[in-house]
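Straight from TrEMBL, the features:
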DOMAIN    634-799  domain 'SSD'
SIGNAL    1-35  signal peptide
TRANSMEM  273-306  transmembrane segment
TRANSMEM  367-385  transmembrane segment
TRANSMEM  639-656  transmembrane segment
TRANSMEM  668-692  transmembrane segment
TRANSMEM  698-720  transmembrane segment
TRANSMEM  741-762  transmembrane segment
TRANSMEM  774-799  transmembrane segment
TRANSMEM  1112-1130  transmembrane segment
TRANSMEM  1137-1158  transmembrane segment
TRANSMEM  1164-1182  transmembrane segment
TRANSMEM  1203-1229  transmembrane segment
TRANSMEM  1241-1264  transmembrane segment
Amino acid sequence: MGRLAGLGRSDCGRLCGLSLAVVCLLVLLPGRAFSDSCVWYGQCGITSDGKRYNCEYDGPPLPLPKDGYDLVQELCPGLFFENVSLCCDVQQLQTLKANLELPLQFLSRCPSCFYNLINLFCELSCSPHQSEFLNVTQRIPYYDLVKKENRTSIAELQYYIGETFANDMYNACKDVEAPSSNVKALGLLCGKDVKDCNATNWIQYMLSKDNGQTPFNMIPVFSDVSIHGMTPMNNATKGCNESMDDFTGPCSCQDCSLVCGPKPQPPPPPTPWLLFGFDAMYVIMWLSYMGFLLIFFAAIFGIWCYRKRHFVSEYAPIDSNIAYSVNSHQNTGDASRCEKLGERFENALRVTFTSWGAFCVRNPRPVIVFSLVIIAMCSSGLTFVKVTTNPIDLWSSPNSQARKEKEYFDTHFGPFFRTEQLIIQAPHTKPEIYSPYPSGADVPFGPPLTKEILHQVLDLQDAIENITAYYNNNTVMLKDICLAPLSPYNNNCTILSILNYFQNSHSVLDHEDSDGFFIHADYHSHFLYCVQAPASLNDTTSLHDPCLGTFGGPVFPWLVLGGYDGDNYNNATALVITFPVKNYYNDSSKLMKTLAWESAFLDFVKNYDNPNLTISFSAERSIEDEINRESNGDVSTVLISYAVMFVYISIALGRIKSARRFLVDSKISLGIAGVLIVLSSVACSLGIFSYFGVSLTLIVIEVIPFLVLAVGVDNIFIIVQTFQRDERLQGETLDKQIGRILGDVAPSMFLSSFSETVAFFLGVLSPMPAVRTFSLFAAVAVFIDFLLQVTCFVSLLGLDVKRQEKNQLDILCCIKGGEELSTVQHSESVLFPFFKNIYSPFLLKDWVRPIVISIFVGILSFSISVVNKIEIGLDQRLSMPDDSYMIDYFNSLSKYLHAGPPVYFVLEEGHNYTTLDGQNMVCGGLGCNNNSLVQQVFDAAEISSYTKIGYAPSSWIDDYFDWVKPQSSCCRVYNTTEKFCNASVVNPFCVRCRPLTHEGKQRPQGDDFMKFLPMFLSDNPNPKCGKGGHAAYSSAVELIHNSSEVGATYFMTYHTVLKTSADFIDAMKKARMIAANITETMGIQEKSYRVFPYSVFYVFYEQYLSIVFDTIFNLGISLGSIFLVTMVLLGFEVWAAIVVSLTISMILINMFGVMWLWGISLNAVSLVNLVMSCGISVEFCSHVTRAFTVSTKPSRAERAEEALSHMGSSVFSGITLTKFGGIVVLAFSKSQIFQIFYFRMYLAMVLLGATHGLIFLPVLLSYMGPSVNKAKTRAIQERNKGSEREKLLFF
């Protein structure tokens, strides 16, 4: 559970105590004016808190007993000379060693720092020249009961210290890191924040009685010259960049900035691309647009002048017989091979669909029954349907890098813990001022840090711990599912809360030290200490309460406080309480227990009522729950949307001539049948893939019916309205008439449907699961819809026409409404004459067309200029319903949180940690490479604004090296069994793991490394040894092959606060960049393992690293397939396919312009909509284009007018009006994602599709459409020669 904030780092806080304790070696005596004179010797007298005074002694130093020689050599080797005469006895040396143990574990990372520090205390405690720099100022009489004599205890003294020594010692130690706690070691020794610490106040704090460790005051006096007859202690020091001896190198770069040189600097931000002081894209597109207008209108004016000179009428068509027209002599000469091939292909389609349509009308019942059987068979697969709601499966490909890294992390370290979190404010409570006693500046405390509020929050926390849920008739409480890193020795749950500073106890919160008049220490002082030393077991105030959490780990203030400025945690305006609970990789039963408790937790917090607290909250399951609730809540909106479209379709298909014939001429039943066919195609698609185990997604369920309805309804309107406008030829039966009509329109339907099918099928190549799944289901649904329309719907149309001819009522088909008719009379919709007589002629006027082109090219230019400005990502708030509690939580998260998500730099299995080179590649302490893994992450944290790495990493290997040192009391074994002996155990059989020799002091290598590592990982932190790795690193190191080798390991740190999608994406990019550089500098690129970063959000945001490429790829292959299919199905009309592809491209580019204007970001949801937009655009463009290519009118303008007149009304009523009604309903959805990504984008794609297909495309065809296919023209003339049909060709 080292993943929590370095869980279990009790070391740091103790550091403070130790060091202080070190300082308080309780040594002092009156200064003597001659050398080799002491001020104390031995210990006598006990302070009020149980510490020992030193005995005053003003004689010469005394020889040390032989049993103290080892201690002197270990602690103060500089005093081990001659007969070893010192001013301290063995007992004082033992006290010195005990007090130095914890500082040793931290500061020994930098030997020169620790050398200077121990020099300070060795001179103070034992120097034979004490009287030169120690001056006793207060004494206390003491009667020695053992020796039966009066003695004097020293109660205060002055310690004269050289300024040079003090500054050099501080400079050597100021950069030393505490690896497991992500803080500077001096932050735990100085009594104040690191930024406020200097040489003077550091030493003053260590020598002050107020620190809780020193038995009496020792007042430092700093001077480099003799003063008051005293000679300051000014021993030589070692700089952190200097070696201690021939065997020890200088401190590491991480612990000594002098070794690494200047602080790394982030690269400068990219320079904005400007031209003339404006955005370059705006300028380029503006100039391009102006250039286009100049050339375009110059060409138009030139043609107009040419026409004025060569034609009598100035109203002659602009492209009638002028030089640039390719229609000149269009029907003369032989057709090319390509034209003949196109005509044969076109004729084959016409004949095939004509015969098939006639067959369906002649045999409606078998066709309908067969269609129903196929639908039933395919749809029965829905019994196997599986809906994917897991966000990971929705947005992350199983083969993606982030997904593989997540699986690697979960497999080797266990799945990332689940998080339940509260963000608490106290809006009705006023801040308060704390005035320290006896002196000190006033300290403001934010509203949630008042004692009354803290008690109320503790009540809430306790209530949550006692929440009881039920699963399978078993009770589930927090203690059953929580993370307990020290289990089974300590079963307390990990709760990251400020109240853990007070041991989650009301009595500790109320604890204060008072003399009846003044409060010397209370929860204010304890809080101020703990935020600086969260791992301390003794707060150095007179309270002496621990800061370390009850679960065995530190609680870092930046994880549990919010809304403060800088490092002034006392100004916090919010409390953050986090309950990490266990997650399970492949154990659904245990996971269900956790889910049950989370559900009870959410119910409890939702119903919790405390007028003094405002609570924002979230559980791990919250997002998925709210998305499901949102989907269920939007069912009614979607159903109403579809109902509106159904009603419109049912009514719009009919041609009502009078109220008396309403139920006869209406086509309500046919419209409903058509809609059911559309929905059946969707059901078939879902059923087919459900058979094969392909899971559905919410996007498929919500989007595909809308898409297929757009495509299917358009085809329905084209078939029905073409039939309604047609007149049965003399001697022609109904089946032949419908067959002939189907032969005319089915190729156009086949063109659009097959283009969309191929485009969607190619979308399966996308690496994005959401796009791939949508494309797969959409392709099959669209094609099945086409097949059902040219079979089942054609048969139903034949039956409906027969009903109408028999004058039978619609719906109530058994009832007749009058006499039978021989044929259904020719009829036209209101829109058809409007398009034919008004709209088409107006749009294609000579003066209108240039305006249309200018406007659409202008819109295109604008859209291109803003494409690169569209935001990438998806704000989580948008995926929530408007009334979701998660919106308030996300807002609070953004406002108050001061730490980002944890990030782990994982070193995969394969690295050899037992060799010196292997260790140096990874560690960050003494002797490690300056470009090691830990050092590079540390360097990245130095420029956090650029790298988004907020803190130095927790390093198990560096803490292990400190833990195993023989100078430390951490690593001990029973000399009889060689089993591990914890530092807190007092047993004469416990001995050091490694000898106190030069070799023993070196890092363990080979078998030694693996021998003691399991002991380190099982050792719980305690007051004697704060470096135990059980809490912090038990899950960070994977031991394999029966603990004989190290497998995968990780080094944890935190990202900086990440608020926007851009922040998350950038953080992941930078972390991967750092990991790749580490892999390269370690020289392991060619090996089977590497370093990679892992954070829980990577799997969701990785898609955005390639979203631009995926968008270009998906839309590119869609356009490419549309071009190829259109070219073939239009009879190899290459130019027509180019025109269609160009128009669809413009629609897509303009969709990007709308996305920028409407604040729609680019993500998987919008990409699916863009792919769908590509498909729907085919419907708007292909029918008009095909009608243009088969037209036999003499000029492009006339052919465009004919095509628009025939197909425009069907496209407009079939897609535009149908979808518009349904889309408007989506605007009233409670779901923000529906409002933004469905309502806005659907509205945009329908409006852009309609305007481009019905305004721009006809005008473009009138200018640069393909010339008439001579082979097709002659075939049509030959086929209809002498028939009534010939007269209808030009209506």
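The backbone N, Cα and C atoms fix where each Cβ goes, glycine too.
Beyond the ends of the transmembrane segment (698-720), by six or more residues, the same chain brings 387, 389, 394, 627, 631, 634, 638, 642, 645, 649, 652-653, 667, 670-671, 674-675, 677-679, 681-682, 685-686, 741-742, 745, 748-749, 752-753, 756, 770, 773-774, 777-778, 781-782, 785-786, 789, 793-794, 797, 1164-1165, 1168-1169, 1172, 1175-1176, 1179, 1183, 1207, 1210-1211, 1213-1215, 1218-1219, 1222, 1238, 1242 to within a C-beta distance below 8 angstroms of the stretch. Segment contact holds for the transmembrane segment (639-656) and the transmembrane segment (1203-1229), given three or more CB pairs below 8 angstroms at sequence separation of 6 or more. The predicted model assigns the domain 'SSD' (634-799) a mean pLDDT of 82. Long-range neighbours of the transmembrane segment (1164-1182) within the same chain, counting only residues 6 or more positions beyond its ends whose Cβ lies under 8 Å from a Cβ of the stretch, are 394-395, 699, 703, 706-707, 710-711, 714, 748, 751-752, 755-756, 759-760, 763, 768, 770-771, 774-775, 778, 782, 874, 1103, 1107, 1110-1111, 1114-1115, 1118-1119, 1122, 1126, 1140, 1143-1144, 1147-1148, 1151, 1155, 1211, 1215, 1233, 1237-1238, 1241-1242, 1245-1246, 1248-1250, 1252-1254, 1257. The stretch in closest packing with the transmembrane segment (367-385), judged by the count of Cβ pairs under 8 Å and taken from 273-306, 668-692, 774-799, 1203-1229, 1241-1264, is 668-692. Across the candidate stretches 273-306, 741-762, 1241-1264, the maximum count of CB pairs under 8 A to the transmembrane segment (1203-1229) is reached by 1241-1264. Among the stretches 668-692, 741-762, 1137-1158, the one making the largest number of Cβ pairs under 8 Å with the transmembrane segment (1112-1130) is 741-762.
Only sequence-distant pairs (6 or more apart) were considered; of these, at least three Cβ pairs between the transmembrane segment (774-799) and the transmembrane segment (741-762) are under 8 A, so the stretches are in contact.
Same-chain neighbours of the transmembrane segment (1137-1158): 856, 859-860, 862-864, 866-867, 869-870, 1115, 1119, 1122-1124, 1126-1127, 1130, 1166, 1170, 1173-1174, 1177-1178, 1180-1182, 1185, 1236, 1240-1241, 1244-1245, 1248-1249, 1252-1253, 1256-1257, 1260-1261, 1264-1266, counting only residues six or more beyond its ends whose CB sits under 8 Å from a CB of the stretch.
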